[in-house]
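J.: For reference, the structure I am asking about is given below.
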Amino acid sequence: MTSLLEQIDSPAALRQLERKQLPQLADELRSFLIESVSQTGGHLASNLGVVELTIALHYVFNTPDDRLVWDVGHQTYPHKILTGRRGAMSGLRKQGGIAGFPRRSESEYDAFGVGHSSTSISAALGMAVGAQKLGLDRRAVAIIGDGAMTAGMAFEALNNAGAMDANLLVILNDNDMSISPNVGALNNYLAKLLSGRLYDRMRRGTEKVLGVAPPLLELAKRTEEHVKGMMTPGTLFEEFGFNYIGPIDGHDLDTLVATLSNIRQLKGPQFLHVVTQKGKGYQPAEDDPGKFHGVGKFDPTNGVCMPGTGQKTYTQIFGDWLADMAAADERLIGITPAMCDGSGLNKFQELFPERYFDVGIAEQHALTFAAGLACEGLKPVVAIYSTFLQRAYDQLVHDVALQNLPVLLAIDRAGLVGADGPTHAGSFDISYLRCIPNMVVMAPADENECRQMLTTGFKHDGPAAVRYPRGCGTGVAVDLALDTVEIGKGEIRRRGEKVAILAFGSMVAPALQAAESLNATVANMRFVKPLDVALVLQLAAEHEYIVTVEENSIMGGAGSAVAETLKAAGVKMNLLQLGLPDRFIEHGAPEKLLAECGLDAEGIRTAIEKQLS
Ligand SMILES: Cc1ncc(C[n+]2csc(CCOP(=O)(O)OP(=O)(O)O)c2C)c(N)n1
Ligand SMILES: CC(=O)[C@@H](O)[C@H](O)COP(=O)(O)O
Ligand SMILES: [Mg+2]
């Protein structure tokens, strides 16, 4: 059989195919995806689930003029492949290669940049209203998963869109999975919508009518009424002011193409419910969609992943601590906004299911829910990625910190994260946390200190945060006792002359290396807030140069805290602040990216030498 995929370098070429050729294209696309991701790593299961939907969307809609807005964007590999980036897939998420998410700068087909979830309906609504204002006959389509639909932002957008007449299509890609199994009342509701005879009847009805029909407006109207007739009482989405259509089988290209063609003729807010399977067509991913949500390299013949080093990651150190601390204190409640596995809560979930809460993709709610628990004397621990905590900033300030509530934030993925790139980098948390009154902000130099800081934050009677990076630390032995560190106290790790390097968290190790040839003093500052002012002033008095190093934006970061401290004490001295520059850092291998930012031992040494000379 000749390859169809190789002929498709744009949606325009795809639209030249006959409809009956599309299943072959889907097969080829799926095989290509598996092979390609097995070599690069990346998000696999969600992509396998949207192969047919992506083909149908580009087949029916006039992309790029019609706007496809993918939610999260981790499921856009088929979209990238069909929009001229098949050859670039070998460089996926590598430095200089294409991104793992849609990027407006990467392709005209990437209508909106994403990485964080639940933005698609708002953005697509903006585009639909924009088209209206400009007098353009353009369609805007938001494609959102059932997991992403659990976020408040999605509902804010539905609420707004349902009361407007913009030509917006929302496609709910319902695979009954978030990264882990999806949770919550909405998920239960969707399951009910799909359950039993109702769904069977609907599928038969929808297929019968749509499968044979040309995409005429009249027919579409009748189809809608037909579907609605079967869907009494109105669905939640109809109550929000949308025309609800579906559920339809998201792997049946005939149904997809016919339905989308009809919907494209309709005006006003439309809602299409599509049912797909995460990992579709690749047995290992169908069997374990959570594992294949995001994978490293693997053997495509059997799905076996490349073995790790065996060294525990910070995430695992946190996971062990959480289980131990929960055993020691029954007031502990563990909360995750849909990142059980990524944040390392699996062990805790298994041991203490009644104290485990996956709240869905709802970072804002996670924080305020924790605040409520804290009001009742419980001890909530919110495990959250640095980048996703950005979403819950007001809740942290207004609900947690202002009331000085004892909520512990276990902030994973602080600093550069590598392949996911700037949407997921934790570049700002030190800056945005240290300006909040009442906060204690800690950055461990190694895994052992991480465990101690988690205990310290947990026992502290107020809001506290421990920020640690993705992956492994120095590999030091971890003392399993639940010891604490003194709040606001740093330590001198190396004594030298002339130059004092004040290092925070992950930068302590490279600072120590850099200090060797410079014979510099190195302090492990441990606390961004409260900063060890006495130590800062002592080091300032004993040295000619102060250098701060952190894996966070220089602007407003820990170095700024040191600068403010020196200024407040009236100390005038040479101060060099090292950290992330004032630009977004692209995807790539974290070590290389850090080196490019001058945040490896060599970079720190060179920067100091330059300053000295
Ligand atoms: C604000 C935010 N929180 C958490 C995540 C991490 N995350 C990425 S994909 C995902 C699950 C999405 O589920 P769904 O929308 O159903 O898509 P599926 O993977 O099932 O295709 C989560 C929790 C994120 N990207 N953004
Ligand atoms: C798309 C998304 O937001 C997540 O899947 C994220 O890519 C996970 O990152 P980690 O691999 O660091 O857990
Ligand atoms: Mg899903």
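Here the Cβ of each residue, glycine as well, is placed from N, Cα and C on the backbone.
Just lifted these from TrEMBL, have a look:
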type	residues	note
BINDING	His74, Gly115, His116, Ser117, Gly147, Ala148, Asn175, Tyr282, Glu363	thiamine diphosphate binding site
BINDING	Asp146, Asn175	Mg(2+) binding site
DOMAIN	312-476	domain 'Transketolase-like pyrimidine-binding'
J.: Using a Cβ-Cβ cut-off under 8 angstroms and a sequence gap of six or more, which residues of the chain neighbour His116 (thiamine diphosphate binding site)?
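T.: The answer is Val72, Thr387, Phe388, Arg391, Thr423.
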J.: Please name which of the binding-site residues listed here, His74, Asn175, Glu363, is nearest in space to Asp146 (Mg(2+) binding site), Cα against Cα.
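T.: Going through His74, Asn175, Glu363 one by one, the closest to Asp146 (Mg(2+) binding site) is Asn175.
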J.: Could you check which of the binding-site residues His74, Asp146, Gly147, Asn175, Glu363 have their CB within less than 6 A of ligand 3?
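T.: The ones that qualify, in sequence order, are Asp146, Gly147, Asn175.
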J.: Please list the binding-site residues from His116, Gly147, Asn175 whose Cβ falls under 6 Å of any atom in ligand 2.
T.: none
J.: Does DSSP put Glu363 (thiamine diphosphate binding site) in a helix, in a strand, or in coil?
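T.: Looking at the DSSP assignment, Glu363 (thiamine diphosphate binding site) belongs to a helix.
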J.: Give the helix, strand or coil assignment DSSP yields for His116 (thiamine diphosphate binding site).
T.: coil
J.: Please list, in sequence order, the residues in the chain of Asn175 (thiamine diphosphate binding site) that are at least six apart in sequence and whose C-beta is under 8 Å away from its C-beta.
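T.: Expected: Ser46, Gly49, Gly145, Asp146, Val275, Thr276, Gln277, Lys278, Pro289.
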J.: Which Cβ among the binding-site residues (Asp146, Glu363) has the fewest C-beta neighbours inside 10 Å?
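T.: Checked Asp146, Glu363; of these binding-site residues, fewest Cβ neighbours within 10 Å: Asp146.
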J.: Across the whole of the domain 'Transketolase-like pyrimidine-binding' (312-476), what does the mean pLDDT come to? Round it, please.
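T.: Here the predicted model's pLDDT, averaged over the domain 'Transketolase-like pyrimidine-binding' (312-476), is 98.
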